[in-house]
Amino acid sequence: MITRSPMLLHCSQPPGDRDLPETGAWQRQLAGAIRDPRALCQRLGLDPSLLPGAESGHALFEVRVPEAFARRMHPGDPADPLLRQVLPLEAESDISPGYVTDPLDEAEHTARRGLIHKYASRVLLIASPTCAINCRYCFRRHFPYHDNAPSRAQWDESLDYLRADPQLREAILSGGDPLAASDRQLAWLVERLDAIPHLKRLRLHSRLPVVIPDRVDGALLDWLASTRLQKVMVLHINHANEIDDAVIAACNRLRHIGVTLLNQSVILRGVNDDVDSLEQLSERLFEAGILPYYLHAFDPVVGAAHFDVDDARAQQLVAELRTRLPGFLMPALVREVPGGASKTPL
Ligand SMILES: *Cc1c(COP(=O)(O)O)cnc(C)c1O
Ligand code: SF4
């Protein structure tokens, strides 16, 4: 008979995780993502007239769509709410007055390479410069990630910054997408964050469990489960159709190890700028064990003016949403105002 040491027990998979994704599956899916506008149009059976616009947008910010996400789109429908988030359009080349490349003024607040400290008690770390998907409306589409992809030495500097400020209670891993980094790197970083006594919480802002649910595999669960820090993951889902059974299973694996799941969305014209879509999103999030957190007002980023929903309309949609949902399924409509001490409620 084999007796299991506490160490082995700690390392064994939690019950209910027999159907963990195969190791390495997510890296293969990421490497195999659609990265060409022609391939995207073909995969979705789109009218070839969309291709020139897609090519010109791609030249500004490259197409990237993993198959696991493309699978949730309706073929042949250029208005599909998931496709709209990733298909480049001619309109991205438009110059619109008031649209800027760094709407949040992040360049001002980058205290160290890869570290943004804007708000009291929490610091944002750019843990990976890349994403698993390229969202056309992304306010970071012009962010100089290459200057913000830290080396080990730079990480040590960031960690010193966190160690030196006892007012900090939370480290936020962001990006890009922090889960695009390897588990080895993330385990290294989280082990060091864990050792900073004044930190209480680890937060991850990631779209990867939604885009490639197999990202939530045994290797990820191992390092995430092993930290003493309380764990929060803020997912990024804009439409109910993004949540399929594989996403729900990934969320269950995360909740199983004690991760609190929240969601942030961006209000986007043609994706979720109607009350029915917002209502279905909140309902579907809760089915997956996720609570709505923020609904971001649109940021005026160059190349994405065609997604703009004005504040008055966003406020009206949220007021109507409130008449349909319990309070705990209401996201807070916020905007990030440069120089603000927090996100600003609208
Ligand atoms: C949004 C953001 C946070 C987190 O804000 P919360 O209101 O705590 O979700 C922290 N740091 C930066 C730089 C941010 O942009
Ligand atoms: S996953 Fe997030 S950071 Fe990456 S492109 Fe999409 S919105 Fe931007």
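Glycine is no exception: its Cβ is also placed from the backbone N, Cα and C atoms.
Marked as region 'Disordered' by TrEMBL: 1-20. Taken from TrEMBL, the feature domain 'Radical SAM core' applies to 117-341. Per TrEMBL, [4Fe-4S] cluster binding site is recorded for C131, C135, C138. Per TrEMBL, the feature N6-(pyridoxal phosphate)lysine maps to K343.
Applying an 8 A CB threshold to same-chain residues 6+ apart, the list for C135 ([4Fe-4S] cluster binding site) reads Q85, V86, R207. Among the recorded positions C131, C135, C138, K343, the residues whose Cβ lies under 6 Å from any atom of ligand 1 are, in sequence order, K343. Between the alpha carbons (Cα) of C138 ([4Fe-4S] cluster binding site) and K343 (N6-(pyridoxal phosphate)lysine) lies a span of roughly 17 Å. DSSP gives C138 ([4Fe-4S] cluster binding site) a coil state; it is part of no helix or strand. Put simply, C131 ([4Fe-4S] cluster binding site) is 23 Å from K343 (N6-(pyridoxal phosphate)lysine) when counted between their Cα atoms. Just so you know, the Cβ of C131 ([4Fe-4S] cluster binding site) picks up 22 other Cβ atoms within 10 Å once every protein chain is counted.
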